Amino acid sequence: LVGTLTLSPLPSPLHPSVGSGRPEPVLLFANRIDIRQVLPHRSEYTLLLNNLENAIALDFHHSKELVFWSDVTLDRIMRANLNGSNVEEVVSTGLESPGGLAIDWIHDKLYWTDSGTSRIEVANLDGTHRKVLLWENLEKPRAIALHPMEGTIYWTDWGNTPRIEYSSMDGSNRRIIADTHLFWPNGLTIDYAGHRMYWVDAKHHVIERADLDGRNRKAVISLPHPFAITVFEDSLYWTDWHTKSINSANKFTGKNQEIIRNKLHFPMDIHTLHPQRQPAGKNRCGANNGGCTHLCLPNSKDYTCACPTGFRLDKFLLFARRMDIRRISFDTEDLSDDVIPLADVRSAVALDWDSKDDYVYWTDVSTDSISRAKWDGSGQKVVVDTSLESPAGLAIDWVTNKLYWTDAGTDRIEVSNTDGAMRTVVIWENLDRPRDIVVDPVGGFMYWTDWGVSPKIERAGMDASSRLVIISSNLTWPNGLAIDYESQRLYWADAGMKTIEYANLDGSERKVLIGSNLPHPFGLTLYGERIYWTDWQAKSIQSADRRTGQARETLQDNLENLMDIHVFHRHRPTVRTACGVNNGGCSHLCLLAPLPKGYSCTCPTGINLQDEKLPWYNSAFSGLLTTDGLAVDAIGRKVYWTDTGTNRIEVGNLDGSMRKVLVWQNLDSPRAIALYHEMGYMYWTDWGENAKLERSGMDGSGRLVLISNNLGWPNGLAVDKAGSQLLWADAHTERIEAADLNGANRHTLLSPVQHPYGLTLLDSYIYWTDWQTRSIHRADKDTGANVILVRANLPGLMDIQAVDRTRQLGFNKCSIRNGGCSHLCLPHPAGFSCACPTGIQLKSDEQTCDPSPETYLLFSSRGSIRRISLDTNDHTDVHVPVPELNNVISLDYDSVDGKIYYTDVFLDVIRRADLNGSSMETVIGHGLKTTDGLAVDWVARNLYWTDTGRNTIEVARLDGSCRKVLINNSLDEPRAIAAFPKKGYLFWTDWGHIAKIERANLDGSERKILINTDLGWPNGLTLDYDTRRSVQEWE
């Protein structure tokens, strides 16, 4: 076991202490933002893991050299090696407030408490075979401790009736062992040798002890605000929130109190890292896992085989809870729920499923998307993510493999194939706030609820034919819908009427099924003889007899944010339809309909649109902040845009290449932009403190302010080439105005218009979008007369552009050999000019450009690497298009090979790439923690770096080979590093307890402290090679 932990400057906890001949104990504690170790008798401590969000609980597995911790901000349980390497997620779903965890080092199990879900769970050490162990009569379980030799668990609960309990490790034989004079029982630890338990109560400010059965209870010490506790030999060690310290005392008397370490950030859980704290014991499960296929859980006498929660999934209840989607297997006796491991679920509302491919579908009203995944969480994919605003209802046609959904934002019902292809709007008129939707492929109908001003339930053919309102009275907030195919009934829940009702499928013979104790029913589903529903206010999932409403049961309670609910099963009726044979003869969508028609063929929305180049989707357009204005020069094949965030106007090719900043001075908030290629003009509006409308050549030359008075928020802008006029919309003055192309003869076309935004021209009309009316409007372009409403109820309206395929493109001034230009050819009123991408100078021939700047700055900005040329006056930063950047900290440049070297502390890698972003490769891909500093020795072709997480300085060849730890002693938090190859020196800064700047030879020898006074957080470090000052600047 010698050498399991070698963290400088502490000795390994498994090495003998001086003169003792046995290992020295080390205190392992969570500090919210990091996990640290401290030697109790020397007060020396060191960092194990940093850059954590909110680490609360922790434990370790001594023989496997692992540390585990819970993070209540990320809602994750993590683990790492005891040397801090190999950090990985163990449990990442279904956690709300995992405040306690404990390791069974004999049977290799992980146990944890969650005061948010009110559960105690168990899993293998890698998080697999997860099972809800205890869930009944738990309120806020907090601390947890194990006695694997006895097969028992102990835990504290500080709910309304605070108590300490224990059970066998398989969940059986549960008992309360203390439930008096407790308030906030936080920490809990077991003295295995003394056969006692110790706990802390933060409200009563005390450490207490008792026998393992709760007898002989006694107060040991009074304290300010103790949180966690551990024991070793004759000493107790605890963390205290009030004093921000770790303290110790004699476990028998409470005397000999000492402060081990104070001035801590926020000390949380604590453990003694020592073999004695995890003594050997009999493995009740033996060598073959007790013969169990999955979990083998010990108890006081033997063991129990157990299945993971919801393991047998022939049928299960599926429900959404905003931030996650869960299932309750009907095959498990406890009916506990199990989170489907899905990514980026933010606000799930509607659900449905298809057993044919085992898919679960859901809508998300935060990401405005519809997604699907297998019921086990695999194969996750976004199916629809455009033109959605509030998709609150979802239904699967399992016969023809269609997906139907309602959108309460766009007031539409749409359909597509289940993969999102061939999407079309089926109903868009006279919808107010459509909510839930169900389909009946057997009868060919779909049904939906509408929450609008006149609440109703409607039905139509699944092709939108034969639309009919079937229920329109005594409705308030009609929510969930469900179809009973056997009795041919439609069920619905009404959150305003607080009822669950049913009627025949045509709305006749309406009856109330349940009319009491329904505070706010939302989702509704049927299976077998039962009806199931979710209730927002009761925070529960309930069921009742579907015919009588009697025999009500609560399946789960204390569940916040409950949404839709369904029962996944494999017994949906099979239906033979005309769509099943050659897609009904349809080229695209075959939609079911009621007999005698049976089906309809329909086309996806916009099927006749040809493929277009959409330059704004191109990844070459990186480094944008707020691109409020966009204009395509279809003749010259360029795209122009304004950026309010950077206060620039730029141009580039349609694929994003050869980007150039045209205007960057005296811009406040550039907004709309319009082009007139034939005249060579570019027009734009500026929303700044002094709003104005300007013009220049399309190459940025000849800039001129046309209008600068009586403007407020000039939004839309359009050029009327036929009428030789400029038109713009102003949301502040509430006008649409016009003027000549030089700004003269200004006049108002329309006033008032409430909040115009986008503006465009087509034939003799202007069209504009309006934020206030949520509509598109039209008027005569010359007089402003004949105003009509084109389309209403379109929230989120932004820009608008008219497309006329019949209009011929004009003459391209740069059409002959790109005007002789090597890069950009840009029109202006007198012709055209050649231009270079940003930061590159045009050569004296005024036609060709250098491939790159001569002198420039390179800097990292976490998610990007950028370049600022010093050759040109604009000093504009340009993104270096290196892929897969997550959190770039340090970088250096090798001028010999033209390579950028950089560290990414999110991926824990060192990589390199060419200056144009190509040829990216990983140089060092393992064994890194926080590489804050990087330096290239361009002479010897070596790479040096600091690692703050491991407290090392390392070196390797530039390709990552021949890696060597150069310095690993007396480093606290090394940061910046710089090399001086000609002199053979290496310089670095250290942020640690005593900040300093040091120097060594490039091989690590002759180390010397240069500066160790008047330093705080020495960051940047550079060398002046010309004047040969060792350290010229630092920050």
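Cβ atoms are placed via backbone N, Cα and C, with glycine included.
Curation does not apply to TrEMBL; its annotations are automatic.
Source: prediction; values computed, not measured.
Database features (TrEMBL):
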DOMAIN    284-317  domain 'EGF-like'
DOMAIN    578-622  domain 'EGF-like'
DOMAIN    813-850  domain 'EGF-like'
REPEAT    65-107  repeat 'LDL-receptor class B'
REPEAT    108-150  repeat 'LDL-receptor class B'
REPEAT    195-222  repeat 'LDL-receptor class B'
REPEAT    401-443  repeat 'LDL-receptor class B'
REPEAT    444-487  repeat 'LDL-receptor class B'
REPEAT    488-530  repeat 'LDL-receptor class B'
REPEAT    637-679  repeat 'LDL-receptor class B'
REPEAT    680-723  repeat 'LDL-receptor class B'
REPEAT    724-765  repeat 'LDL-receptor class B'
REPEAT    898-940  repeat 'LDL-receptor class B'
REPEAT    941-983  repeat 'LDL-receptor class B'
REPEAT    984-1027  repeat 'LDL-receptor class B'
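Residue counts for the repeat 'LDL-receptor class B' (488-530) under DSSP, split into helix (H, G, I), strand (E, B) and coil, are 0 helix, 24 strand, 19 coil. Over the repeat 'LDL-receptor class B' (941-983), the average per-residue pLDDT in this prediction is 94. Long-range contacts of the repeat 'LDL-receptor class B' (724-765) within the same chain, counting only residues at least 6 positions beyond its ends with a Cβ under 8 Å from a Cβ of the stretch, are 672, 674, 676, 679, 681, 683, 685, 693, 695, 706-707, 710-718, 771-773, 777-784, 787, 797-802, 804. Packing against the repeat 'LDL-receptor class B' (984-1027) from elsewhere in the chain are residues 933, 935, 937, 940, 942, 944, 946, 948, 953, 955, 966-967, 971-978, 1033-1035: each is 6 or more residues past its ends and has a CB under 8 Å from a CB in it.
Away from its own ends, the repeat 'LDL-receptor class B' (680-723) comes close to residues 629, 631, 633, 636, 640, 642, 644, 649, 651, 662-663, 667-674, 729-733, 738-739, 741-743, 746, 756-761, 766, 768-769, 781-782, 799-800, 813, 826-833, 835 of its chain (Cβ-Cβ under 8 Å, at least six residues beyond either end).
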